[in-house]
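Undergrad: What TrEMBL shows for this protein is this:
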REPEAT    16-100  repeat 'Solcar'
REPEAT    218-299  repeat 'Solcar'
Amino acid sequence: MGGSTAASKTDVHDASYYGKCMLGGILSCGLTHTFVTPLDVTKCKMQTNPTVYKGLVSGASLIRQQEGLAGLVRGWKPTLVGYSLQGMGKFGLYEIFKDVYGGLLGKENAEKYKGSMWLAASASAEVFADIMLCPWEMVKVKVQTAPRNENWPDGLFAAVNRMNANKKDTNFPFGSLKALWSRQVPYTMAKFFFFEKVVNMFYTHVFTESKESYSKSTQLSITFASGYIAGVVCAIVSHPADNLISQLGKADNKGKSAGQLAKEVGMVNLFTRGIGTRVLMIGTLTGLQWWIYDTFKASMGLQTSGGKK
């Protein structure tokens, strides 16, 4: 950062600041989730049809043989819309809730209980972010996992209209909200808590000079590394619920509850099926999300996230 004027400017958490954080969140989540759509398609098929799609490379190859390259990017439109909205809420509301809870605790207690504050703020933000995501996530899963003989439309509004016209079968638009919360709230709590922890550790034990003394490229590299490490934890924490959401979107499981599906699939399979692919995907995804978010913030004249100010 520059001098004290720039530093003090970034400390003003006004409507403009929160708006920039929301825009950064849109770019962060929307772009990254869309970028890894081929991985997501393969993962979903491995979860819902493991006897056919047995591994990441072989599964992706089979999808390409059966459906062409278009099959590997199926569902990118609802992914882009849904995760852009979710990112806006996830990052923007996190900053708001963190300041609200910090104000309620007072400066001394906010520092003393900052870990609990990060967890509460991230959980609160994700509850609202998932309400914005849920309809689009349901469309995405259906488009990616529907059997080819169902001729499910790839067009965004055509898919939404078909989901809406078959509400009894699809439970659209909020039928998977509880399952989504069970996946995303723990995921986001881990994502923000461990990011804040790891980035603080980097600036406390490795990069021990004042944060402003390091170049923007160094700060952003620290951001990416911290995000990647946090992402690996996120993937493990939220994987069982992610498996359940994929199962809920499968046509054969119509009318079954999440609890019933959990018993049928088995807890071991819920924790392990597709975990390698998801660790790779979420680790990379989370690192890139934090890097994009902080790059955007820095371009707007704000400080990068976490660590010493």
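Quick reminder: no glycine exception, Cβ is built from N, Cα and C everywhere.
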Undergrad: Within the repeat 'Solcar' (16-100), count helix residues (DSSP H, G, I), strand residues (E, B) and coil residues, in that order.
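TA: The counts are 73 helix, 0 strand, 12 coil.
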Undergrad: Take the repeat 'Solcar' (16-100) and average the pLDDT across it for me.
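TA: Mean pLDDT across the repeat 'Solcar' (16-100) comes out at 94.
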Undergrad: When secondary structure is assigned with DSSP, how many helix, strand and coil residues does the repeat 'Solcar' (218-299) contain?
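TA: Looking at the repeat 'Solcar' (218-299) with DSSP, the answer is 73 helix, 0 strand, 9 coil.
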